[in-house]
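Read the structure below first, then the notes.
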């Protein structure tokens, strides 16, 4: 079977019929890897035209600071979306983590940080283990865990704001120290994104996670450790949620069940999707979630800069997310969208 | 041919490319009313793409398509259906939880009249379905759940569904059957052949198959494709198998007679199954497979062969009995334990179970055995690529691109990669294959069989569920016949060399 024997030569090469613009964009090599950063920089450009102050060091510092917790939550979420599941509890894990951290930091210092991260990783792993062994759908399962964790957050905080009274600088320095006008909290997210990229691309467990999202029976019959991969994906979601909790405390110097970070779930999912993650599994790029989170965090700022009225903000935000996800989603999986 | 009636299908210089590959290259053809056309060619010759264009799934880059004299510009399968093109796809696409009538109606939802005020008119749906079934001569109750039907009956429902296009009264319908016989057993193929003869009374048929005998028996004309080009368009009268074969492949046919390994049994089996049972599926199965020998399990669909193989691999549970590997009781082991012990399993459902479609060839081959391509927990992409390239070259995978997602390859080339995934094992003890040649052309089949033989020569015990009895007779050292979940006969081929096919068939049914 050689390629060079053909029976009839190509007599005509008429110009290819035009395909619609979006279709052509999607077929371009690497579009789905480039779309999330392109969308972000396009938005930056538009905002810059309206108000160049937002592109200065202060603007960058504000935008990246508000993107940091969203990014971390989104990174955890994307690891779970990648195996074809969803973790509705991961933002609640962050908030619970923030409260525990605020309570434990004064007496325990660095030990508090390690302990809290460990605990939250275990909570995530329990989610994963229940999913792997009982086959409760992740949506129902994590909706349950979400409720439990919200109660836990209320009880441990006594419904009050917990201020970090001692060892405060241990965490606040993370927010206050800046590199290139960008706070360390954001850089922490970037490091985590790189680590997860390596995990997905260069380890067996990462390959297994993506394989589960693409075709679980295929993964199972190739003897991949599917149960372990599910547990690890949820454990990572818990761990990353914990890091988001740390960022919340370092930013606010306190934590409460209704304060900063109490509404991270939906922005987290939005950032994962804007970053090109497929909600039906098997496709994610942690590096692009950096831009997904920046975009999601920047939209409210952009809306203000452009001068929409306060009432219209949610509306514009909603429309914008739909448009951006339409632009950044890969459609190579065909027309089946769950 | 009456010149006043336009052809049912007329293609003028149809082309479709995927990247650099011209899958369909400048094809022109006509099909007259009532004609049965055979379409054949190797895997990757472009048959599937051509069918997808006819079915409205792909759009041609160039050329025009006319159906019953009208220019057709399909944007979706629905358009094709409305124009009178009914397709029976290679993989069955029925809803098993719905009735026959509901399945036939699914195709018809675009038509008015079957629902009143938004409610389904069940009486009429059932009546129309019954009429269609009667028309194609199938005696089934339209209210039967499709899940309760046998495989060949489901195929008939698929045909009934495709035939529904005619109900619109837009000229002659074109029914496309994409490898309908690939998964059927001998007796079922005959039922299907009768069916096709009936279809030609009111429709034109395109029959896609790799089996040249069938094509010659059933069709009026046969089209051969190769590398996207139509290389032969001849009446089946007077054309020989050999001529078709030459149009399909570059080199002349080489039907080699492979001597059986003739290797004597070891004293100890590589794997042994004792009194294995699973309620309602298989019962009291005892057999052994030996290193360097091929053991074939023959039987009809539903004889429990597939489930037995999965039970051995740890993919389904069994109720009673034991599995012994090298003297060790491994009953109820997991798939991972089975693979660690040197087992491999090529499932019949290649796309959904054998491979990860979105992964490249490299990543698919690296799913099971990675050899030296690890540093600690990290994979070494370069080494994985080198291994994959070795397999792609050795098995002549086409296109020879290890980075391309596997779901963009043709079925035969996918199967080569699936096989490579398992053969890449450093110590393959037992290789189990469920219908490894399903839907493969002659060339790929030879490659696959050669690899199976070679593994065998290196000391692997092979357990094979063949597509055809001929395949079993050609390859196997031992044949076990399975019927209704039980082993009904055993033949050692080195002793009974002139075993007739008829004899085995008699034991199967």
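The backbone N, Cα and C atoms fix where each Cβ goes, glycine too.
Automatic, uncurated: that is what TrEMBL annotation is.
It is A:231-249, from the ranges A:212-230, A:231-249, that TrEMBL records as transmembrane segment.
Record note: among A:161-177, A:314-330, A:314-330 is the stretch given as transmembrane segment by TrEMBL. For the ranges A:11-31, A:179-199, the feature annotated in TrEMBL as transmembrane segment maps to A:179-199. The stretch from A:34-52, A:255-275, A:287-308 with the most CB pairs below 8 A to the transmembrane segment (A:179-199) is A:287-308.
Scored by C-beta pairs under 8 angstroms, the transmembrane segment (A:88-105) has its highest count with A:255-275, from the stretches A:34-52, A:58-76, A:255-275.
The transmembrane segment (A:231-249) makes contact with the transmembrane segment (A:111-132): 3 or more of their CB pairs lie within 8 A, with pairs spaced 6 or more apart in sequence.
Counting same-chain residues at least six beyond the ends of the transmembrane segment (A:255-275), those with a Cβ under 8 angstroms from any Cβ of the stretch are 36, 39, 69-71, 73-78, 81, 86, 88, 90-92, 94-95, 98-99, 101-102, 146, 150, 153-154, 157, 159-162, 244-245, 248-249, 284-285, 288-293, 295-297, 321, 324-325, 328-329. Sequence-remote contacts of a segment are chain residues at least 6 beyond its ends whose Cβ falls under 8 Å from one of its Cβ atoms, and for the transmembrane segment (A:58-76) they are 87, 90-91, 94, 124, 175, 178, 181-183, 185-186, 188-189, 192-193, 196, 236-241, 243-244, 247-248, 251, 261, 264-265, 267-272, 275, 286, 289-290, 292-294, 296-298, 301. Below 8 angstroms of C-beta separation, residues 86-90, 92-93, 95-96, 99-100, 103, 123, 127, 130-131, 255-257, 265 of the same chain, each at least six residues beyond the ends of the transmembrane segment (A:139-159), sit close to that stretch.
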